[in-house]
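J.: This is the structure, below, for whatever I ask next.
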Amino acid sequence: MSSHTALPVEPLDVLIMGAGVSGIGAAAYLRRNQPNKTFAILESRERMGGTWDLFRYPGIRSDSDLYTFGFDFKPWTKAKSLADAADILEYLSEAIDEHQLAPFIQYQQKVISANWQSDKGLWSVRVEDGRTAQIRTVECRWLFSAGGYYRYDQGFSPRFEGSEQFKGQIIHPQHWPEDLDYTGKRVVVIGSGATAVTLIPAMADKVASITMLQRTPSYIINQPANDGVAAFLRKVLPAQTAYSLTRYKNAKITLAFWGFCQRFPKLSKKLLLWLTRKELPKDYPVDVHFNPPYNPWDQRLCSVPEGDLFKAISAGNADIVTDHIERFTEHGVLLKSGKMLKADIIVTATGLNVQLFGGITLHKDGKPVVLSETLAYKGMMLSGVPNFAFAVGYTNSSWTLKVCLLCDHFCRLLGLMEREGYNVCEPKAPEGVETRPLLDFGAGYVQRALDSMPRQGPREPWVMSMDYFRDVKLLRRGAVTDKCLKFTAVPNAPLHADVQLQQQGSRR
């Protein structure tokens, strides 16, 4: 739906927040596995695609291969393993068409808050129309948050002393101007994460100079743009079979390397630095610019397709400076070492602001839900919060690997509740259970938000697992029920629309 129209018969079975990768995946799973359930997707922006439509900076691409970043039910058939945003948006659009999801998506509809009503067994959800600012209320049995984990309206921008004096442009990649012409300009990119290492080679051929200014280096690895095994399998096997085998292969390799880094941090560090040295000139100071003070996978590794960043540096088209910023000046950035980086454009690729569940406020019978006092159940529900599910992917692998498992498990849960006659499901955390941060991840954007996030426990089902194959056993093959889930049937709760029609017909 390109504009606000009436939702299907309320209360909806499932209300999905967000029409990005996770939201489209959740809706497709419902269509495939629970075709009788009513649902709608509310998207706060004007278009689908989430991250891949929001970010418009040069070179934007995935940093995970599309065989694992894609949906398990929809093969990725293009040659490129690391895809750009346009290809990913095309893939998502195809998924919408193939599952006839377009009529279920309402754009510019922002969920503001949701209140669980125990007496009715329903969520009352307040929604703001982005065009008229009018507020309406939608009722649903399940609320599914698929809006990612960061604020769409604001990236993280630390205050730099003297920034108001700079005469050039200061740009955050999350809000890239469509008309920006950087041809022949001197550019400084502040940051060393995935965005920075994508921007540098994408801009290098047009600028007069471009420098990646980093306070702390990142581990950066060369990744082939194409997957030779996948190409061979596509020639000899049906598309879905070839895709599934490639997906399995890549998930295994990624998890095995992550496990190797966790078990042998010193050895893995030496290996990564050795690989980096092979990509750069012999006299390049790798230990200065590519040697982080933390172990591999304490923060996410950065992938560069066909070593494009290394090639730009080796050709003299890009530069890296590792230093601290003293202040901005009229003409660039003054470093604490005394060095001056002259610039016409400064790009602050300094990260994201974490915001779970789209920033909505959750209530239970009018009382606010304090997220930091909840525990994540199977990485998809919250203790003490009935009929609420969410999709947060892996930090050590492809996001969508986890999302697909969560959506599959969610559909199994809906099926069980329908068969058993339940309409309410609520995880109950054990008394006095030891807790720890939801994400054991050193990235700055995660660390800044830990105090406002749910927690996790010491063991399943309260662990926020980062192991895909462990999660396959738990979420796809394991039992739906356990002693931590409380199921109830709320008397006189509104019935599913199909049941209402059947009963009305029998009365006639």
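Using the three backbone atoms N, Cα and C, a Cβ is placed for every residue, glycine included.
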J.: For the FAD site that Swiss-Prot assigns to SER22, THR51, TRP52, ASP53, LEU54, ASP63, VAL111, which of GLU10, GLU43 is also named?
T.: GLU43
J.: Of the binding-site residues GLU43, TRP52, ASP63, VAL111, which one sits closest to VAL197 (NADP(+) binding site) when you measure Cα to Cα?
T.: ASP63
J.: Rank the binding-site residues LEU54, VAL197 by the number of other Cβ atoms within 10 Å of each Cβ, and give the residue at the low end.
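T.: Comparing Cβ neighbours within 10 Å for the binding-site residues LEU54, VAL197, LEU54 has the fewest.
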J.: For SER22 (FAD binding site), name the DSSP secondary structure in the helix/strand/coil scheme.
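T.: Note: SER22 (FAD binding site) is helical by DSSP.
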J.: Please classify the secondary structure at GLU43 (FAD binding site) using three-state DSSP.
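T.: Strand, per DSSP.
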J.: Rank the binding-site residues SER22, THR195 by how many other Cβ atoms lie within 10 Å of each Cβ and give me the one with the fewest.
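T.: Counting other Cβ atoms within 10 Å of each of the binding-site residues SER22, THR195, the minimum falls on THR195.
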J.: In whole Å, note down how far the CA of THR195 (NADP(+) binding site) lies from the CA of SER22 (FAD binding site).
T.: 21
J.: To the nearest whole angstrom, state the Cα distance for the pair THR195 (NADP(+) binding site) and ASP63 (FAD binding site).
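T.: Given the Cα positions, THR195 (NADP(+) binding site) is 10 Å from ASP63 (FAD binding site).
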J.: List every residue in the same chain as ARG215 (NADP(+) binding site), at least 6 positions away in sequence, whose Cβ is under 8 Å from its Cβ.
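T.: SER192, THR322, ASP323, HIS324, ILE325 - these are the non-local Cβ neighbours of ARG215 (NADP(+) binding site), listed in sequence order.
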